[in-house]
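To keep things clear, I will list the structure first and then write my remarks on it.
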Amino acid sequence: AVVTIYLSTAWHIYLVGPNQYLTITAEVGAPTARAACAVPNAASNRIVGRWLLGCSGLVVGAVVLGGVTRLTESGLSMVDWHLVREMRPPRTPEEWEAEFAKYQQFPEFKIMNHNMTLPEFKFIFYMEWGHRMWGRLVGLAYILPTVYFWKKGYFTRSLKGRVVGLCGFVFFQGLLGWYMVKSGLEEKPESHDVPRVSQYRLSAHLGSALLLYCASLWTGLQLVLPVNKLADTARLTQLRRFAKGTGGLVFLTALSGAFVAGLDAGLVYNSFPKMGERWIPDDLLAFSPTLRNLFENPTTVQFDHRILAVSSLTAITGLYVYSRRVALPRRARVAISLLTAMAYSQVALGIGTLLLYVPTPLAATHQSGSVVLLSLAIWVLAELRKVAK
């Protein structure tokens with residue numbers, strides 16, 4: 001009988017019975033070579049990590065494009081949803097006229113855009129169409145590589161669960177987007193407001209996109225960035241808690257911006273630091289019951305966004321100051337410094353957007369800045385994470 005095992009020597013022969021020999025063959029270095037080829041390993045983790053970072057970048061593109069679509073009031077130009085059929089936009093004059101005729105049947109055209117021409121309709125149509133096609137690109141970027149990497153064995157058991165969750169979240173995000181658009185297409189005879197999507201559904205749509213982005217970015221950074229070996233001191237533990245709380249505050253501030261956009265709350269009280277002539281406006285709690293003001297009163301929504309923004313800036317400044325007292329590697333210090341600089345830039349952008357009555361380029365930059373700020377907060381958390389045991 002010949003049995004191959006891995007030893008540090010070359011050959012061993014043992015007598016195991018009359019005229020029977022067991023030959024044990026040793027192959028020097030074979031385990032090392034085979035271990036290097038086993039997956040998942042450091043190389044495959046880097047590949048998966050870079051893929052997830054690329055996917056998170058595509059999600060950022062979808063968020064930015066969605067914000068511009070909202071600012072240009074293009075989101076209600078496509079009045080139906082088809083997964084495949086709508087990938088081909090109208091081409092002939094007859095097809096464009098038919099699409100325009102469908103749009104004319106809905107409240108936005110009847111109330112706001114009854115003088116709109118076909119060329120103007122084409123612009124808002126292409127804005128929404130581009131946003132939807134980008135969403136499909138995001139879906140393919142998640143799903144196709146997932147299948148490939150799964151077959152190659154690049155995923156650990158825990159990573160498989162995360163990736164399946166991310167792919168499912170992409171699908172959910174698409175359905176939620178159409179659910180949001182439907183709210184702006186409904187006839188509302190009792191309302192005297194301009195047609196717009198529900199601020200609740202808009203916030204859910206943005207919030208789910210940000211969760212998808214955060215999860216992808218966090219997982220990607222975990223796989224790509226080496227863990228810093230930090231001395232586990234009381235100050236470092238406190239810094240980690242501080243960073244987590246600050247990251248949550250930044251996320252909440254970005255989410256509150258969706259309510260500002262959904263209610264056009266940036267067009268009321270275009271002054272700073274006071275709101276008009278007061279620090280606290282008279283109509284802050286004008287709606288009844290009181291809880292409605294938090295989500296439906298434009299004055300309250302803008303007031304809350306201001307408070308959250310100033311709180312985020314204060315927390316990030318405190319995080320920077322406290323981090324000076326902790327021994328941190330260079331990369332972590334750079335991340336915290338960039339987070340602080342971006343926080344002040346983002347507040348300046350927000351104030352400028354408000355004072356100038358929400359010009360589209362500046363407002364889009366401010367919305368994009370919120371994602372940059374959130375990204376830097378996640379990077380800080382990745383640099384401060386503990387070594388897995």
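Glycine is no exception: its Cβ is also placed from the backbone N, Cα and C atoms.
Note: TrEMBL annotation is automatic and uncurated.
Per TrEMBL, the feature transmembrane segment maps to 51-71 (among others).
Summarising the annotation, TrEMBL assigns transmembrane segment to 133-151 (among others). Remote same-chain partners of the transmembrane segment (133-151), defined as residues 6 or more beyond its termini with a Cβ less than 8 Å from a stretch Cβ, comprise 47-48, 51, 54-55, 58-59, 61-62, 65, 87, 160, 163-164, 166-167, 170-171, 173-174, 177.
Sequence-remote contacts of a segment are chain residues at least 6 beyond its ends whose Cβ falls under 8 Å from one of its Cβ atoms, and for the transmembrane segment (163-181) they are 52, 55, 75-76, 78, 81, 132, 135-136, 138-139, 142-143, 146, 149-150, 155, 197-198, 201-202, 204-205, 208-209, 211-212, 215-216, 219. Among the features that TrEMBL reports, transmembrane segment is placed at 163-181 (among others).
The list of residues near the transmembrane segment (201-225) in space but at least 6 beyond its ends in sequence, with Cβ under 8 angstroms from a Cβ of it, reads 45-46, 48-53, 55-56, 59-60, 62-63, 66, 70, 159, 162, 165-166, 169-170, 172-173, 176-177, 179-180, 183, 251, 254-255, 257-259, 261-262, 331, 371, 374-375, 378-379, 381-383, 385. As annotated by TrEMBL, transmembrane segment applies to 201-225 (among others).
Look at TrEMBL and you will find 246-269 (among others) tagged as transmembrane segment.
For 303-322 (among others), the entry in TrEMBL reads transmembrane segment.
Sequence annotations record features per position, and here TrEMBL assigns transmembrane segment to 334-358 (among others).
What TrEMBL lists as transmembrane segment is 364-382 (among others).
Contacts between the transmembrane segment (51-71) and the transmembrane segment (303-322): absent, as fewer than 3 C-beta pairs lie under 8 angstroms at sequence separation of six or more. Residues 60, 63-64, 67-68, 71, 210, 213-214, 217-218, 221-222, 225, 243-244, 246-247, 250-251, 253-254, 257, 261, 312, 319, 332, 335-336, 338-339, 342-343, 345-346, 349-350, 352-353 of the same chain lie 6+ residues outside the transmembrane segment (364-382) yet bring a C-beta within less than 8 angstroms of a C-beta in it. Remote same-chain partners of the transmembrane segment (303-322), defined as residues 6 or more beyond its termini with a Cβ less than 8 Å from a stretch Cβ, comprise 238-239, 242-243, 245-246, 249-250, 252-253, 256-257, 259-260, 265, 275, 280-281, 284, 294, 336-337, 339-340, 343-344, 346-347, 350, 373, 380.
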